Amino acid sequence: AMAAAAPRSFSAAEVRARCAEGACLVRCRRRLYDLSGFVRLHPGGEQLLRRRAGTDVSAALDGPPHRHSANARRWLEQYYVGEMEPGEEQVPRRLLRALRGCRGHPEPVDEKAVDAAAQTPKQMDPRCRTVDVEKDLVDWQKPLLWQVGYLGEKYDEWVHQPVDRPIRLFHSDFLESLSKTAWYVVFMVWAPVVLYLSWVSYTSLAQGNTRLFSSFTTEYSIPVHKYYFPFIFLLGMFLWSLLEYLIHRFVFHMKPPASNYYLITLHFLLHGQHHKSPFDSSRLVFPPVPASLVIGFFYGVLRLLLPEVLGLSVFVGGLCGYVIYDMMHYYLHYGSPKKGTYLYGLKAYHVKHHFEHQKSGFGISTRFWDRPFRTLIPEETFEKED
């Protein structure tokens, strides 16, 4: 067997030059990582990483404000590019302050911690057991869907160790294309449907023929006026938020029996592949073809439970809620919301669900339902040190 190539060495001058050109290189002691392709996706925001370019982030990984999970540390290892040359681990602070000043306000530096980190001998954090695609449990050169069922009891741990690489599910190019969707396709397909059905619902209610409980009694049935449509629409959106939570928790996060090849395969198709590769931009929204089957099912249920126009009004509100949810889900993975905003907190919350808290944090467009169902991801606390 061929010996593994020695890691490349980088001088402090080379790191400074690359950071000055816009690259985002950080280090953990002597190990150097190029995060240039990841900065936009960072849950803490791009500017936070940019301000740390060229510095040792060992202390920052342990927080505050955020203690990075084992999966986050494993994720970092994917961007490993080499080692700092011996004796050059410490990039001059004056230059780093100047670099950070170019990109925003200088960030306070704990100089004692930096000195201690620089003097610590080279070692890899034991939590950084990276996913080696060459020696992984599956063959990444082949479609994964028909392989994962054979992982058995190893599947649950494997699927929750995320990687930054695209996934191929099917041998067939046609089926593979149906499993991928650009984010804007969802809006282009379903937004016109929402607008059209909203108009149909409103004009139907305006005829004044819709009454609630008319199938049980005519004397005490309640007329549904056209002015009620916005409230019925909002009710549909509210019900969707509950359905979003229930599907995500009980369907997408079911734990398939280790002995059941087909349930493991189904789980990976529905949601496991998203947890394995959470930043695959082509698989962050629900493809319209399978979505139409699920949407048609729920429309049929509402038609059975409610008068025709009333059921349609609730349905179109729910459909609007679904479109908003899918757009938000894409943004929570690929957007860079401003720090302190609702979406900034929601992005951090959702990424914690992916990397550390897979058994909680099931709300995506809202955390509302995580509270009554007691699956809210707890806030991190840090003890004060003397």
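Note: Cβ is positioned from N, Cα and C throughout, glycine not excepted.
Here TrEMBL flags 7-85 as domain 'Cytochrome b5 heme-binding'. The average pLDDT for the domain 'Cytochrome b5 heme-binding' (7-85) in the predicted structure is 89.
Note on His68 (heme binding site): other Cβ atoms within 10 Å of its Cβ, all shown chains, come to 18. Sequence annotations record features per position, and here TrEMBL assigns heme binding site to His42, His68.
Here TrEMBL flags 182-202 (among others) as transmembrane segment.
Positions annotated as transmembrane segment by TrEMBL: 227-247 (among others).
Among the features that TrEMBL reports, Zn(2+) 1 binding site is placed at His248, His253, His274, His275, His329, His333, His350, His353, His354. Note: His354 (Zn(2+) 1 binding site) has non-local neighbours Asn71, Pro162, His275, Pro278, i.e. same-chain residues 6+ apart with C-beta under 8 A of its own C-beta.
What TrEMBL lists as Zn(2+) 2 binding site is His271. Around His271 (Zn(2+) 2 binding site), taking its Cβ as the centre, 17 other Cβ atoms fall within 10 Å, counting all chains.
The transmembrane segment annotation in TrEMBL covers 284-306 (among others).
The feature transmembrane segment is assigned by TrEMBL to 312-332 (among others).
Ranked by CA distance from His350 (Zn(2+) 1 binding site), the binding-site residues His42, His68, His271 have His42 at the top as the closest. With respect to their backbone Cα atoms, His68 (heme binding site) and His271 (Zn(2+) 2 binding site) stand 24 Å from each other.
Distance from the CA of His42 (heme binding site) to the CA of His274 (Zn(2+) 1 binding site) is 17 Å.
Within the chain carrying the transmembrane segment (284-306), a Cβ under 8 angstroms from the stretch's Cβ atoms is held by residues 178-183, 185-186, 189-190, 243, 274, 312, 314-315, 318-319, 322, 326-327, 329-330, 333-334, all 6 or more beyond its ends.
With a threshold of 8 Å between CB atoms, the same-chain residues lying at least 6 positions outside the transmembrane segment (182-202) that come near it are 226, 229, 232-233, 281-282, 284-286, 288, 291, 309, 312-313, 315-316, 319-320, 322-323, 326-327, 330. The C-beta environment of His248 (Zn(2+) 1 binding site), restricted to residues of the same chain at least 6 apart in sequence and closer than 8 Å, consists of His271, Phe362, Gly363, Ile364.
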